[in-house]
Amino acid sequence: MMAKRKMRTSRGEHRTTQTVANCLNVSPARLAGNNALDVFQKHREKELKERRQIYCWATWKEGLPLTIAAGCEDDLPANMRFHEEKRLDFEGTLKAGALEMVLKHVYTLLSSWNCFEDFDHIFWGQKNTLAEKVRQRWQDDELFGYQFLNGTNPMLLRRCTSLPSRLVLPSGMEELRTQLEKELQNSSLFEADFILLDGIPANVIRGEKQYLAAPLVMLKMDTSGKLLPMVIQIQPPSPSSPTPPLFLPSDPPLAWLLAKSWVRNSDFQLHQLQYHLLNTHLLAEVIAVATMRCLPGLHPVFKLLIPHIRYTMEINTRARTQLLPDGGIFDKAVSTGGGGHVHLLRRALAQLTYCSLCPPNNLADRGLLGTPGALYACDALRLWEITARYVEGIIHLFYRGDDVVRGDPELQAWCREITEVGLCQAQNRGFPISFQSQNQLCHFLTMCVFTCTAQHGAINQGQLDWYAWVPNAPCTMRMPPPTTKEDVTVATVMGSLPDVRQACLQMVVTWHLGRRQPDMVPLGHHKEKYFSDPKAKSVLNQFQTDLENLEREITARNEQLDLPYEYLKPSLIENSITI
């Protein structure tokens, strides 16, 4: 409460200070000096002192990254708030979505909810061409596999170097073992392991228990580049339980479909919480708060980063007060709601490494470099390289050597604030606590910019495409995982998938979160001119040219594809996390 009162009472003073800072923002960037009489140095110190009173840390949940101290959006500093156009659109679409949900729910009361086609009753309103293709093909193994490479969560798949220890093959499955080992020898065997979900408590929605699983999927890549599932283990082995059954494409079609639905439900949980909320939103907020607390407006790193933190504090604050609080949307519709989401986030943070946020390292670790058909991997690498050149071009203008990096007290304080404070002592997971060289600094800043722009675009934009048809990515499961294959009926699958209310909520929220924003600023196009130096402007111009060239390449490639991959087209990537 103390931090909130400080922000409220400092609002007017902050606007004055911010006006001065904005004037200096268009001044040439400069590093801190050691001359006590330097008027710029005095301003830097005063600016940071005031900022630290306004931008205070808070603990949202123990064991998770720190956040801005704001109980609601009204507590945020004025210059971090949505502009009026953004606010009206955000709140207006929420109301429109709520009305659409009510209309769909009423409509379904007049009809059945007993078969897959009944989901058509709510599949109207906001949708697009790809969402319609998903509706038509969601049962196909090829589309199931494709999503691990290029869907809204391309972060879990990895190439196998050995058969997973949890995959217990009972007697009678020697042929499957032979097939798996053959694919392994050909380097064409892949896995997606959802073990992070094992033991997470499941939600209770309106008095009805929901269910979670921790599946393992083994997939093979055929010679045409299609990724096809070979076997699904819905739950890991347990000493206290019988060996879990393995589901195969040759099983009764409904049993195989239900097994795939359990995988898609598990993917929904990890996508939304680990890869979307934690790895982009919460990480970007840590970067944003640390930047405001440690870097004055004249600092070149402040000027580099400030376009990429626009609206992030408000969208995250709204998520904590509308999407994730007790009784919020997660609790009403998602199987990890009701507290399981916090458990999962804590586990995910414990596994969050610096390297996992950097595509060259992450894709190499997962064995996906050069994988045919891996469009996310291809585009992410290109965008990383382009972003890295931009960052290096700016940084080398102001840091003439490694000794200048090491000797910058504001920069070093910013690094510690992110790793030790905001990310809760993340140095044991590879995050730096100081910068010792230009290269180290550039790599870290590239991660920051990439996370706040391209990575969020890849993770967020596909929600409407892949989640609007609810059976393809069910937000919750209402029956326990099957233990046999012969008894699975349409009623079993429908009884497992979300009910009408949950399905309507999923459609409304994913449309709201996945749609293009009306005041969207594309990557590399800044509303304010923070750098006045001609050389810095030239670096930014080259960044924009590189992005335009990549845009043309992706457009030409996509024209040849049945399922175009557009989430990393530069013109569709927003310059910061705003939704």
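In case you wondered, yes, glycine gets a Cβ from its N, Cα and C as well.
What TrEMBL says about this protein:
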DOMAIN    30-579  domain 'Lipoxygenase'
BINDING   HIS276, HIS281, HIS456, ILE579  Fe cation binding site
All-chain count of other Cβ atoms within 10 Å of HIS276 (Fe cation binding site): 21
Other same-chain residues whose Cβ falls within 8 Å of the Cβ centroid of HIS276, HIS281, HIS456, ILE579, the recorded Fe cation site, in sequence order: LEU277, THR280, ALA284, ILE315, ILE459, ASN460, LEU513, ILE577
Would you say which of the binding-site residues HIS281, HIS456, ILE579 has the most Cβ atoms within 10 Å of its own Cβ? HIS456
Here the mean pLDDT of the domain 'Lipoxygenase' (30-579) is 93
